[in-house]
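> Take a look at this one; I'll ask things after.
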Amino acid sequence: MASATATTSAADLAAVKVVLLDIEGTVCPISFVKDVLFPYALQALPVTLDKKWDSPDFAPYRNAFPEPAASSRPVFEAHVADLVKRDVKVSYLKALQGYLWLAGYESGDIKAPLFPDVSPSMRAWHDAGIKLIIYSSGSVPAQKLLFGHTNASPPSLIPIISDWFDTVNAGMKMESSSYTSILSRYPDTQPQEWLFLSDNVDEVSAARAAGMHSLVVVRPGNAPLPECHVGEGQAVQTFEGLAVGGKRNESSKSS
């Protein structure tokens with residue numbers, strides 16, 4: 001079991017076969033989720049409930065909410081607004097948000113603003129045989145919407161992503177058991193052959209405790225890092241030049 005503040009060396013990166021990626025604050029700005037996605041869902045909710053409150057296709061999302069919210073539209077709306085305001089990460093809210101974002105992505109109103117280094121690096125790693133997997137507190141359907149509608153060219157990165165994990169099929173991201181659960185799905189790959197990239201130091205520590213290599217990703221708008229997570233082998237500001245599997249991508253500026 002690795003230390004929560006263990007460093008990741010160039011040799012460690014060269015041995016990596018799987019990159020596990022967080023989303024918010026790692027591949028796209030935190031502000032996209034808080035300032036674009038969350039408000040969009042709240043704005044779309046009343047119109048959606050006008051049309052869908054009693055419809056069979058909306059029933060799974062509505063019935064996933066606890067009572068009395070599931071039976072009362074005013075309570076439902078108030079509960080959603082409260083959860084969003086407090087940034088509570090519960091699976092039934094995440095599923096509803098993904099449902100509400102679908103129309104926005106499909107209409108082109110929403111495009112995920114990936115950092116410039118993300119798409120070129122992910123494609124370079126994929127071309128080098130590195131498996132790419134997503135792990136986010138957002139639901140798997142919402143993850144696929146985001147990576148299917150980005151500002152990159154081509155806009156969809158779904159074809160190069162091998163698997164998707166959220167708090168439902170893996171567990172909470174700050175618990176080492178969640179990373180152990182993900183590892184168990186890939187018994188032919190050793191923990192030390194995984195690299196988890198996230199802006200959250202507690203998630204990074206949990207992944208390291210499960211035996212993965214992990215780096216804190218420092219992006220504009222992210223919270224300042226604790227001193228123990230600052231330094232070479234602890235944090236990165238860009239995926240560019242990160243020689244995962246011995247493959248270094250330095251093309252993001254020209255892509």
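Just so you know, glycine gets a Cβ as well, placed from its N, Cα and C.
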> Among LYS52, LYS85, LYS173, which residue does Swiss-Prot name as a further substrate binder in the site formed by SER136, SER137?
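Between LYS52, LYS85, LYS173, Swiss-Prot records just one in the substrate site with SER136, SER137, namely LYS173.
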> Of the residues ASP199, ASP202, only one is listed by Swiss-Prot in the Mg(2+) site with ASP22, GLU24. Which is it?
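Site partner of ASP22, GLU24 for Mg(2+), according to Swiss-Prot: ASP199.
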> Between the two most separated Cα atoms in SER136, SER137, LYS173, the residues recorded as binding substrate, what distance in Å do you get?
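Pairwise Cα check on SER136, SER137, LYS173 gives a maximum of 8 Å.
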> Taking just the CA atoms, what is the gap between GLU24 (Mg(2+) binding site) and SER136 (substrate binding site) in Å?
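Each residue's Cα considered, GLU24 (Mg(2+) binding site) and SER136 (substrate binding site) end up 8 Å apart.
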> Using C-alpha atoms only, work out the spacing between LYS173 (substrate binding site) and ASP22 (Mg(2+) binding site) and round it to an integer in Å.
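The Cα atom of LYS173 (substrate binding site) is 10 Å away from the Cα atom of ASP22 (Mg(2+) binding site).
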> Give me the Cα-Cα distance between ASP22 (Mg(2+) binding site) and SER137 (substrate binding site), rounded to a whole Å.
9
> Cα distance, ASP199 (Mg(2+) binding site) to SER136 (substrate binding site), nearest Å?
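One finds 12 Å between the Cα atoms of these residues.
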